[in-house]
Amino acid sequence: MVKGVPSEDDFGSSHSERDQGRGWQQGDISYGYRGRDSRSNLFVLRSGEVVYFIACVVVLYRPGGGPGGPGGGGQRHYLGHTDCVRCLAVHPDGVRVASGQTAGVDKDGKPLQPVVHIWDSEKLHKLQEIGLGVFERGVGALAFSVSDQGNFLCVVDDSNEHMLSVWDWNRGTKLVEIKSTNDSVLAVGFNPRDSSCIVTSGKSHVHFWNWSTGGGALGSGGLTRKQGVFGKYKKPKFVPCFVFLPDGDILTGDSEGTILTWGRSLPDSRTPGRGGAKETFGIVAQTRAHEGSIFALCLLRDGTVLSGGGRDRRLVQWGPGLTALQEAEIPEQFGAVRAIAEGLGSELLVGTTKNALLRGDLTQGFSPVIQGHTDELWGLCTHPSLNRFLTCGHDRQLCLWDGECHALAWSLDLKETGLCADFHPSGKVVAVGLNTGRWLVLDTETRDIVSDFTDGNEQLSVVRYSPDGMYLAIGSHDNTIYIYSVSCDGAKCSRFGRCVGHSSFITHLDWSKDGSFIMSNSGDYEILYWDVAGGCKLLRNRYESRDREWATYTCVLGFHVYGVWPDGSDGTDINSLCRSHNERVVAVADDFCKVHLFLYPCARAKAPSRKYGGHGSHVTSVRFTHDDSHLISLGGKDASIFQWRMLGGGGPGPAPPTPSRTPSLSPASSLDA
């Protein structure tokens, strides 16, 4: 019989519906930056904070070290979005920020519409929300006007026609809207000298828009378009970026590695604007700048321009007449340049296509301050005695993270997809399961592979050491659990036996505290128990194992955790589960971008929980750190890693929390609140 079941009063009846995102505090750091597939994603605010996004979270990062380090450091977070953020724009005052999100669906399958939030970066308070029910699929590009104190916001959505609209964002009023183009739009911007002139660029085009106000009444006019003519110059496949120069000219960077200078021509009386006939633009110069595409252009305070290359990974500073002044190359491990922002003094911030954020200058070079994975994440394990954790996924990278310094300790190319991992109790080695049936044991200090085995030819979903470190269990998609004897130092393994009896692939498993028994789950929702010490025998009477004490509890199906499942679940809604080491709470990762916290044991239907957002994709794994001070969660396709700080109910020992000291989460490190 399961004893000590918490009552609903322990959490309060409203906690399961409460938005816990607002509880994030200023503090540590978030692991990851979305540079692989997004633009307009890196800016520096008036406060000196760097603003960027990952998943549903907009991160405000203060360079200068971690919390308490030299010059401050740490992060704050804007958490108002309900789905992945795709673009940013910063108001001319350097305080207010606009962020646009993509469309999505909630847990009931109802669509979540794309929207733009305008918010105060000092107070993290939402000032305005625009476009609900107007934008389709997502928000692709944003820009504030400049010449009129930033009163207007231009938005391009991700619909087939890439609708371009101009808003009086203070009033939440749409002033004008027009079909832009059927081709991708990658950038938009107001002319800083004249808000009636808007430029867009993207697939095979540069468009110059004149915004007419119909005789002065805002919103009563329309938008007229002039297509940039390439003429004798080769028409590029993409124009990912542009920048306005102080003299009024425009520079565009394209997929041919070329910077084109667009100069002003005589006014055209056929395209009136707010001030009468408007000037148009034509190409006046061409500069060969990079090998491969140019992804970013940035106008610096001294009037020079920085360009960032794709294939060549070069940063080049250009002076008057586009003469090259100096350059630097980004190390290959960080990928191509995605975005550039000018920091304080001579400092530059560079976002890369491998989801890294670099800091430095052209003379001294660049070093990473934020790093992340670039593809779907599944493998996660925490160190048995240190605040460290290890992750792996579809990008084939195995990464060890320092949860104290909030930094990447090391990474290793596995050459194959990593799906699961577990530290030996000594912490000296770690086992990693791959998608080919192969599994490795690595020395955590030298990163050398000390054991290399293959069991079957199907993917491995779980690896787990026994609490004494004498055995290693490998759960495979061939329906088998492979058991290995392990040497004292964890470096050598030898086959001990196999647990055969599941009729579907293994999903989760746990060892008993005495290291003699295993509880396992499978893809067809079976719960089986195994006597490993007795020869890997299947225990037919499952109820005999009902009150057995388990060293860990990560099985999503079990007597002690059946209350975590919501009504109407199809059995795949929960991807991961983890009991805290003090056996007070259970963390759950679901398919609807949420992390839940339940009291343990959770053996009653419809158990209350606390719910936490931030991920923009299914949450694939959760694990507590060795001292239960933090919880680590992995996003799937958003490639995000969040580190949450436990509030209340901490400390060692399996004692139930009191209602006044109910454990909860606050994003701490990477989602470290």
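Using the three backbone atoms N, Cα and C, a Cβ is placed for every residue, glycine included.
Please treat TrEMBL annotations as automatic predictions, because they have not gone through curation.
Taken from TrEMBL, the feature compositional bias 'Low complexity' covers 661-673. Marked as domain 'EML-like first beta-propeller' by TrEMBL: 75-360. Among the features that TrEMBL reports, domain 'EML-like second beta-propeller' is placed at 377-646. Positions annotated as region 'Disordered' by TrEMBL: 1-30, 646-673. Summarising the annotation, TrEMBL assigns repeat 'WD' to 370-402, 453-487, 499-532, 612-646.
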Tally of residues which DSSP labels helix, strand or coil - the repeat 'WD' (499-532): 0 helix, 20 strand, 14 coil
Helix, strand and coil counts within the repeat 'WD' (370-402) (DSSP): 0 helix, 19 strand, 14 coil
For the repeat 'WD' (499-532), distant same-chain residues with Cβ under 8 A (at least six beyond the ends): 458, 461-462, 464-468, 470-471, 473, 475-483, 538-539, 542, 544-545, 548-558, 571, 577
DSSP-derived helix, strand and coil totals, residue by residue, for the repeat 'WD' (612-646): 0 helix, 19 strand, 16 coil
For the repeat 'WD' (453-487), sequence-distant contacts whose Cβ falls under 8 Å of one of its Cβ atoms, 6 or more beyond its ends: 417, 419-426, 431-440, 493-500, 502-511, 513, 515, 518, 520, 522, 530, 532, 536, 551-552, 554
Stretch-averaged pLDDT - the repeat 'WD' (499-532): 97
